[in-house]
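Participant: The active site, proton acceptor feature in Swiss-Prot is assigned to H362; the stated evidence is sequence analysis. Under the heading UDP-N-acetyl-alpha-D-glucosamine binding site, Swiss-Prot lists 8-11, K22, Q72, 77-78, 100-102, G139, E154, N169, N227, R332, K350, Y365, N376, citing sequence analysis as support. Taken from Swiss-Prot, the feature Mg(2+) binding site applies to D102, N227. Taken from Swiss-Prot, the feature acetyl-CoA binding site applies to N385, Y386, S404, A422, R439, supported by sequence analysis. Residues or ranges marked as region 'Pyrophosphorylase' in Swiss-Prot: 1-229. Residues or ranges marked as region 'Linker' in Swiss-Prot: 230-250. Positions annotated as region 'N-acetyltransferase' by Swiss-Prot, on the basis of sequence analysis: 251-467.
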Amino acid sequence: MEKNTIILAAGQGTRMKSKLYKVLHQVCGKAMVDHMLTQVEKTNMDHIVTIVGHGAEKVRELLGDRTEYAIQEQQLGTGHAVLQAEKILGDKDGMTMIVSGDTPLFTAKTFENLFEYHRQKGAAATILTARTENPFSYGRIVRNEVGVVSKIVEQKDATTEEAEIKEINTGVYCFDNQKLFAALHQVKNDNAQGEYYLPDVIGIMKDAGEIVAAYEMADFSESMGVNDRLALSKATKVMQRRINEEHMVNGVTIIDPENTYIDYGVEIGPDTIIEPGVQIQGNTKIGSSSVIGAHSKIVDSTIGNRVTVTSSQIESAIMHDDSNIGPHSHLRPQAEIGEFAHVGNYCEVKNAKLGARTKMGHLSYVGDADLGTDINIGCGVVFVNYDGMNKHHSTVGDYAFIGSNSNIVAPVTIADHSYVAAGSTITNDVNKFEMGIARGRQVNKEGYFKKLPVYDAALKAEEENNK
């Protein structure tokens with residue numbers, strides 16, 4: 001039997017107060033509609049149709065050919081939105097599930113259970129329901145004395161007795177595909193908003209004597225919809241807890257899960273330790289037995305095994321096995337740190353490679369350069385790579401030594417086994433076994449201190465200290 005899904009993603013989302021299309025707002029690094037599509041894909045659909053309207057091109061750009069699309073030109077209600085999929089699904093048999101693109105917390109397991117329950121019941125329609133102690137604002141599921149669904153009643157229309165019902169409509173449905181579109185053509189818009197509502201299909205099917213079932217899901221939190229920034233924050237918190245728990249189950253130590261922020265899709269190996277305040281975002285992979293120190297931020301990067309990151313920021317970079325960085329250093333895009341290499345405190349690396357066992361202890365900048373293995377970079381070294389118009393590249397060979405407070409003015413090549421004396425500004429190549437030294441010769445002027453303004457201040461301080 002064919003399985004289809006329609007994702008409703010045409011709403012404008014005015015309550016978000018945003019220029020960004022509502023379903024494109026992110027929850028843990030992934031757009032809400034992308035979360036939904038990912039879970040739907042896991043249930044092996046024959047057809048997936050996304051209903052788009054406002055912001056259609058941006059949704060298409062994000063989701064690509066993972067789904068088919070139908071356009072709702074006018075916002076005339078959820079029933080009208082589903083009807084736009086008829087030209088794609090109208091001649092199909094089987095089952096069709098309808099979900100919303102602004103409910104990012106649903107799981108594939110819940111959808112699989114819904115399809116199976118619908119099939120077992122032989123129903124024309126199955127409503128996905130949940131129980132909550134605070135059902136206010138949700139439609140209530142009214143059942144008869146034998147547990148069969150009688151109707152869905154909205155909050156504003158509920159009697160006092162009906163308002164006490166804890167079972168609510170999550171807004172997800174599974175239908176017999178042919179009966180769905182037949183019923184949609186009978187939906188009227190004789191309401192205050194002049195819209196065609198999808199839940200009216202349930203009443204039409206009941207009146208026609210069709211079987212209408214309800215499957216109660218286990219976790220109410222999955223059904224959380226996002227209509228404003230407050231709900232977005234709540235959904236993000238639920239998703240973050242889910243992500244962190246999955247990593248911990250898989251062998252990752254997260255010291256403070258409530259204050260650790262890991263995007264959906266991030267990969268972390270076992271025995272890695274994540275300290276409080278860490279943010280791990282985008283397409284990031286972290287190996288095993290690494291330590292990500294407090295308040296570090298890692299974005300779109302690959303971190304190897306046994307790597308230590310101490311309070312540093314890493315973006316679009318690579319750290320190979322057994323390397324370390326920090327505290328308070330920054331790897332910018334296209335930085336690559338070799339095995340056992342060391343980047344200490346207050347350093348920055350951009351579009352540059354540090355080879356294995358190369359050490360860069362403190363207060364240095366390496367940009368647009370290739371550095372070999374076993375190099376020592378002293379304190380305050382700067383690779384001068386920009387002439388005001390263009391970036392230029394430098395190369396440093398294996399076993400070289402770059403003395404403190406040196407400037408390497410690109411483009412230059414510093415060969416294997418060469419030495420740059422501290423305080424030098426290097427503008428020419430340094431060959432193998434050579435020492436490059438480029439600094440003014442020191443001259444000591446006898447008695448000159450007494451001619452300087454600071455001399456009087458120093459005498460006064462000395463007199464005060466000797467009293």
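Note that the numbers count up from 1, one per residue, in the order the chain is shown.
From the backbone N, Cα and C atoms, a Cβ is placed for every residue, glycine too.
Fair warning: this is a prediction, and the values are worked out from it, not measured in the lab.
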Participant: Based on Cα distances to Y386 (acetyl-CoA binding site), point out the closest of the binding-site residues G11, N227, N376.
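Facilitator: Given the candidates G11, N227, N376, the nearest one is N376.
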Participant: Give the number of CB atoms, excluding that of H362 (active site, proton acceptor) itself, located within 10 Å of its CB.
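Facilitator: By my count, 17.
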Participant: What is the number of residues in the region 'Linker' (230-250) that are helix, strand and coil, as DSSP sees it?
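Facilitator: Split into helix, strand and coil, the region 'Linker' (230-250) gives 20 helix, 0 strand, 1 coil.
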Participant: Tell me the Cβ neighbour count for L8 (UDP-N-acetyl-alpha-D-glucosamine binding site), meaning other Cβ atoms within 10 Å of its Cβ, over all protein chains shown.
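Facilitator: By my count, 27.
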Participant: Could you check the binding-site residues N227, N376, S404 and say which one's CB has the fewest neighbouring CB atoms inside 10 Å?
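Facilitator: Least crowded of the binding-site residues N227, N376, S404, by Cβ count within 10 Å, is N227.
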Participant: For the C-alpha pair, I'd like the distance in angstrom between N227 (Mg(2+) binding site) and L8 (UDP-N-acetyl-alpha-D-glucosamine binding site), rounded off.
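Facilitator: N227 (Mg(2+) binding site) and L8 (UDP-N-acetyl-alpha-D-glucosamine binding site) have their Cα atoms 14 Å apart.
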Participant: Among the binding-site residues D102, E154, which residue has the largest number of other Cβ atoms within 10 Å of its own Cβ?
Facilitator: D102
Participant: Which of the listed binding-site residues (G11, G77, G101) has the least company, meaning the fewest other Cβ atoms within 10 Å of its Cβ?
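Facilitator: G77, out of the binding-site residues G11, G77, G101, has the fewest neighbouring Cβ atoms within 10 Å.
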Participant: When a 10 Å sphere is centred on the Cβ of N385 (acetyl-CoA binding site), how many other Cβ atoms does it contain?
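Facilitator: Taking all protein chains shown, N385 (acetyl-CoA binding site) has 22 Cβ neighbours within 10 Å.
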Participant: Measure from the Cα of R332 (UDP-N-acetyl-alpha-D-glucosamine binding site) to the Cα of every one of the binding-site residues D102, S404, R439, then give the nearest.
Facilitator: S404
Participant: Spatially, and counting Cα to Cα, which of the recorded positions is closest to G77 (UDP-N-acetyl-alpha-D-glucosamine binding site)? Options: D102, H362, R439.
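Facilitator: Comparing Cα positions, the candidate nearest G77 (UDP-N-acetyl-alpha-D-glucosamine binding site) turns out to be D102.
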Participant: Quick check for the class: what is the C-alpha distance, in angstrom and rounded, between L8 (UDP-N-acetyl-alpha-D-glucosamine binding site) and N385 (acetyl-CoA binding site)?
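Facilitator: Cα of L8 (UDP-N-acetyl-alpha-D-glucosamine binding site) to Cα of N385 (acetyl-CoA binding site) measures 51 Å after rounding.
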Participant: Looking at the binding-site residues R332, R439, which sits with the largest number of other Cβ atoms within 10 Å of its Cβ?
Facilitator: R332
Participant: What Cα-Cα separation, expressed in whole Å, is found between E154 (UDP-N-acetyl-alpha-D-glucosamine binding site) and N385 (acetyl-CoA binding site)?
Facilitator: 66
Participant: For the binding-site residues listed here, Y386, A422, which shows the highest count of neighbouring CB atoms within 10 A?
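Facilitator: Per the Cβ count within 10 Å, the most buried is A422.
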